[in-house]
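Trainee: Before anything else, here's the structure in question.
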Amino acid sequence: MKRRPLIAGNWKMHKTVPETLAYIEAFKSLVAGVEDRDIMLAPPFTSLDAAERALEGTNIYLGAQNCHWADEGAFTGEISPKMLADIGVTYVIIGHSERRHIFGETDKVIRQKIEAVLKYDLIPILCIGETLEEREAGKTLKVLETQLKEGLKGFSVADLKSLVVAYEPVWAIGTGKTATPEQAEEAHAFVRKILAEMFNQEFADNLRILYGGSVKPENVVGLMARPDIDGALVGGASLKPDVFAKIVCFGRME
Ligand code: 13P
């Protein structure tokens, strides 16, 4: 069984609309014809509509970085999955560690967001990962297990057929410190094992698990060579079209 790789760029709070359009103009030609893997860009909310138009007819999917759990309501400053579906978003990143640690998102809130995203046939990318303190205390696998069990509580295999999980060790995000392929593989294999126990083996075997945390053109090949690493969620190195295109095109003949 072969899982289709997904290379996703999370721009975080970067780029205006003109900057988004200039990026896409350059990037789309660098990855044109790459059909053996999925490519996704997640610009900030303000750029989504313009990006959707600019990506029309390309091989690049559009993602959002977050959403609310309700369809609409008195939630000042929030964006709903209904709104995202309406403008042509395909993927939504849920529970990114910056949402968890800076904005206080809990596993319970993350679970609600996943449910809301699925209601609109959007694809959730559930982010999980341990802090440095948790790793040093030997709690990594326990933290991952709790985040999976709480975040995916009560869903069926049918509900989650599109789910993507991203393992992003907090200590590797934006620090230049990548997990070694061995450390990442250990976590990914564990995630797959827990999901097989929670759901079933076939579900776990088909699910894509991305690695995120200082992915660069120089380390993507080693990470992607591991059996349970099915793609990458890239922050800083996705901000330049030529650098991100190199990551997307890992392992292809020049
Ligand atoms: P960096 O690639 O900048 O470490 O960020 C990773 C990340 O948080 C992607 O969601």
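Each Cβ is built from the backbone N, Cα and C atoms, and glycine gets one as well.
Pulled these from TrEMBL:
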type	residues	note
ACT_SITE	HIS96	active site, electrophile
ACT_SITE	GLU168	active site, proton acceptor
BINDING	ASN10, TRP11, LYS12, GLY174, SER214, GLY235, GLY236	substrate binding site
Trainee: Write down the Cα-Cα distance for SER214 (substrate binding site) and the residue listed as 'active site, electrophile', rounded and given in Å.
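Mentor: Per the Cα atoms, the residue listed as 'active site, electrophile' and SER214 (substrate binding site) stand 15 Å apart.
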Trainee: Output, ordered by sequence, the same-chain residues six or more apart from TRP11 (substrate binding site) with a CB under 8 Å from its CB, or 'none'.
Mentor: LEU41, ALA42, PRO43, PRO44, GLN65, GLY235, SER238, LEU239
Trainee: Please list, in sequence order, those binding-site residues from LYS12, GLY174, GLY236 with the Cβ less than 6 Å from ligand 1.
Mentor: GLY174, GLY236
Trainee: Taking the Cβ of the residue listed as 'active site, proton acceptor' as the centre, how many other Cβ atoms fall within a 10 Å radius?
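Mentor: There are 26 of them.
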Trainee: Using DSSP with the three-state reduction, classify ASN10 (substrate binding site) as helix, strand or coil.
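Mentor: ASN10 (substrate binding site) sits in a strand per DSSP.
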Trainee: For GLY236 (substrate binding site), what is the tally of other C-beta atoms lying within 10 angstroms of its C-beta?
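Mentor: By my count, 20.
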Trainee: How long is the line from the C-alpha of SER214 (substrate binding site) to the C-alpha of the residue listed as 'active site, proton acceptor', rounded to the nearest angstrom?
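Mentor: It is 9 Å, counting Cα to Cα.
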Trainee: Here are some binding-site residues: GLY174, GLY235. Which one has the most Cβ atoms within 10 Å of its Cβ?
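Mentor: The residue with the most neighbouring Cβ atoms within 10 Å is GLY235.
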Trainee: Which Cβ among the recorded positions (LYS12, HIS96) has the fewest C-beta neighbours inside 10 Å?
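Mentor: Selected from the recorded positions LYS12, HIS96 on minimum Cβ neighbours within 10 Å: LYS12.
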